[in-house]
Amino acid sequence: MCLAMRIRQENKRALRPSTVGAMPRRGFSLFPDSPSVRRIFSAESLRARWRGGEPVVTSAIILLCVAVWLLETLFRFVWPAGYAGMLTFGMMQPASMTREPWTLVTAMFLHQPASLWHIGFNMLTLWSVGPVLERLMGHWAFLIMYMVSGIGGDAGMMIWALLNRSGDAWFTSSYGASGALFGLFAAILVVYRKVGQDLTSMIVWMAINFLMPIIVPNIAWQAHVGGFVIGGLFTILMTDGVRALRRRPVLERALIYGAVLLVLLLMVCYACNTANPVRTGSWIPLLD
């Protein structure tokens, strides 16, 4: 009896599906379904990272820029019409800014497709300075400064189009995160000077970036200047702004100053557009 029961048990084991080779039947997964991975992407983990002061916004901006760059690169080789549409409706061109105002934002998330140096250099720079400012200012205030600085870079392109007598500047499209990044550079300078930190290394790093258009062609230095001015002005307002607002919470001050700067930038852009000599034409892309 015992022998018969043992034989039946062995037969049952033989009929069970083997666990060996089970992973291929489940299919390939870029993010394996494991408790550790689920914890990383869980809402509780993200909330803890947000409250813990980790550079969540900086990481999100980098991920978004890289994702858009990968999509650009894919479309360039697989769907050229879609790639052309992304550039046409994503890059900021002074001549068409009033008809496509969303490009003031979308342009700062586009980068040169199929080229690692543009996206790589910008994202490495963002990761080197972004977390420091995000921890100092807070997540939302940092995001406001980043976005306003990027729009400041677009305003720099509009002002240059107004001042350039050749007229080609109106049809020069720009894209990239450099305008916003130069705003972060200016913010670091203001903060370091405020606390008495040595500025030598930062000034050298900034000088290299400002001189980059001399070495690398087709770089929108106008956007660099515009982003730098707005980022520095925003940080000065946050540290030494209106006396009545100094005791207000950081986020409240960031919202007020960010809104004021945004209105001023839009006024500058639309004022420059009054001198726009043409409304249509071909575009010449510049890297920002």
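Glycine is no exception: its Cβ is also placed from the backbone N, Cα and C atoms.
The domain 'Peptidase S54 rhomboid' feature in TrEMBL is assigned to 99-238.
Residues or ranges marked as transmembrane segment in TrEMBL: 56-79 (among others).
The annotation transmembrane segment is assigned in TrEMBL to 114-133 (among others).
Annotation source TrEMBL lists transmembrane segment at 140-163 (among others). Within the chain, the transmembrane segment (140-163) has long-range Cβ neighbours (under 8 A, six or more residues past its boundaries) at 57-58, 61, 92, 94-95, 97, 103-105, 107-108, 130, 133-134, 169-170, 172, 174, 177-184, 186-187, 220, 222-227, 229-231, 234-235, 238, 250-251, 253-255, 258, 261-262, 265, 268-269, 272-273, 275-276, 288.
If you look up TrEMBL, you'll see 169-192 (among others) marked as transmembrane segment. Long-range contacts of the transmembrane segment (169-192) within the same chain: residues 61, 65, 87, 90-95, 107-112, 118, 122-123, 125-126, 129-130, 132-133, 136, 145-150, 152-154, 156-157, 160-161, 198-199, 202-203, 205-206, 209, 219-220, 222-232, 234-236, 239, 276-278, 281-288, each at least 6 residues beyond the stretch ends and with a Cβ under 8 Å from a Cβ of the stretch.
Taken from TrEMBL, the feature transmembrane segment applies to 199-216 (among others).
Feature annotation from TrEMBL assigns transmembrane segment to 222-242 (among others).
Long-range contacts of the transmembrane segment (254-276) within the same chain, counting only residues at least 6 positions beyond its ends with a Cβ under 8 Å from a Cβ of the stretch, are 94-95, 97-98, 104, 137-138, 140-141, 144-145, 147-148, 151-152, 154-155, 158-159, 161-162, 170, 230, 233-234, 237-238, 241, 245, 248. If you look up TrEMBL, you'll see 254-276 (among others) marked as transmembrane segment.
Only residues 6 or more beyond the boundaries of the transmembrane segment (222-242), in the same chain, are considered here, and those with a CB under 8 A from a CB of the stretch are 137, 141, 144-145, 148-157, 159-160, 174, 176, 178-187, 189-191, 194, 209-210, 213, 250, 253-254, 257-258, 261, 265, 288.
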